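Undergrad: As listed in TrEMBL for this protein:
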type	residues	note
COMPBIAS	50-64	compositional bias 'Basic and acidic residues'
REGION	46-74	region 'Disordered'
REGION	373-392	region 'Disordered'
TRANSMEM	6-32	transmembrane segment
TRANSMEM	92-116	transmembrane segment
TRANSMEM	128-149	transmembrane segment
TRANSMEM	180-201	transmembrane segment
TRANSMEM	213-235	transmembrane segment
TRANSMEM	242-263	transmembrane segment
TRANSMEM	333-350	transmembrane segment
Amino acid sequence: MGKNVFSVPIFFIVFRETLEAAIIVSVLLGLVEQIAYEDNGRSLAPTVSEPEKRDGDDSNKSEELSGQPKLESEEDKLISTKRFVRRMRWQVFLGAGLGFIIALSVGAAFIAVWFTKAADLWAKSEELWEGIFELIACIMIFVMGVTMLKMDRAKAKWRVKLQKAFAGQHVDAGAKSGKWVLFVLPLITVLREGMEAVIFVGGVSLGQPATSIPIAAIVGLACGIICGFLIYTFASRSTLTVFLVAMTNFLLLIGAGLFSRAIGSFQENAFNTLLGADVDDEGAAGDGPGSYDVRGNVWHIDCCNPENNFDSDGWTMFNAIFGWTNSATVGTVLGYVFFWLAAILCLIIMKYKEGRTKLFGYESAAGVRRRERTALSRGDSELSAANSEHKE
């Protein structure tokens, strides 16, 4: 029954999109204080110097009196800065909340319309449609998995974006254009991530019962928010990188299982067409003789069947996460292997394009630039060390 109430792929899709949005929102929250207090420091500069110029030739008593407004001015600036930070944080949360509500509404409407109006599209060819949707979900998860490795750079990217948005505007804390950036950016970001989640969840859920979506989506959303908060509060970039690598491996495991299951669904549909009846509908439950195609079969065991609703014993979770089946074929096994070969090849190409490795002695343009920057920085450090030794 586990597969009817909780979809593991949907959980990880929602978790991944929520985590990315949470990281970006955390960057905005962190930059609010940075920009606000930098603004406070700049605006204090003239207020500190002007009393000194006016009262520089007065007596000690007048200096003490002139120093008191200076302290009051600093306290007022600190209070106004705290209010500014609180107001800007509210704008970040309001923008993120509005984006989340819009994405949630669109996603709920899409899934509701699909399951109420188009639920009977694959009634006569269930395995064929399951194979198609599992293949689509596999491709989506593969793309999400390999791009997840770049998520740790989102902090730097969005920090630069926000600083550019505030460039020339954060001298005036009440500048409207600067304020509304902190509302618009999280709104667009969360809306974009939410729409991506809707598309991915829609593609994955088409081959699964509607009851498997809500709990998985809610748990994925909660886990993504919690992990995003923990990363924002405690984790360094190195810790985040390790976390994202582990999550990428887990996503690729799910993708490999989906690819293997898609091939198995296609083969089961062909076997049902040959027999003229659905094997599962005949009550064989996938365990007994005649319930599977012996042609190209690698193994078949009479237990550990994830499709048995009465005696699955947790194998449903292994099927959902790793693509386990008690009846494997040459196609499903080779599909699992080829998926991982494709993932390895894709990661090597990504690493090559980023200039972090060479292929057959060839170096990418990014690698050349990376090497030149390293040599230049090394030369500058050696030159500065030589100059310091010369001065000594």
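Start at 1 and count along the chain as shown; that gives each residue its number.
Just so you know, glycine gets a Cβ as well, placed from its N, Cα and C.
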Undergrad: Spell out yes or no: are there three or more C-beta pairs under 8 angstroms between the transmembrane segment (92-116) and the transmembrane segment (6-32), with each pair 6 or more apart in sequence?
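TA: Yes, since the transmembrane segment (92-116) and the transmembrane segment (6-32) share at least 3 Cβ pairs closer than 8 Å, they count as touching.
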Undergrad: When you look at the transmembrane segment (128-149) alongside the transmembrane segment (333-350), do they share 3+ Cβ pairs under 8 Å, ignoring any pair fewer than 6 residues apart in sequence?
TA: yes
Undergrad: Please identify the stretch among 6-32, 128-149, 213-235, 242-263 with the greatest number of Cβ pairs below 8 Å relative to the transmembrane segment (180-201).
TA: 6-32
Undergrad: Between the transmembrane segment (213-235) and the stretches 6-32, 128-149, 242-263, work out which stretch tops the count of Cβ pairs under 8 Å.
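TA: By Cβ pairs under 8 Å, 6-32 leads among 6-32, 128-149, 242-263.
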Undergrad: Looking only at residues six or more beyond either end of the transmembrane segment (128-149), which have a C-beta under 8 A from one in the stretch?
TA: 9, 12-13, 16, 121-122, 200, 203-204, 206-207, 244-245, 247-248, 251-252, 254-255, 258-259, 261-266, 269, 339, 342-343, 346-347, 350
Undergrad: What residues in the same chain, six or more past the boundaries of the transmembrane segment (242-263), come closer than 8 Å to it by Cβ-Cβ distance?
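TA: 8-9, 12, 16, 130-132, 134-135, 137-138, 141-142, 144-146, 148-149, 151-152, 227, 231, 235, 319-325, 329, 331-333, 335-336, 339-340, 343.
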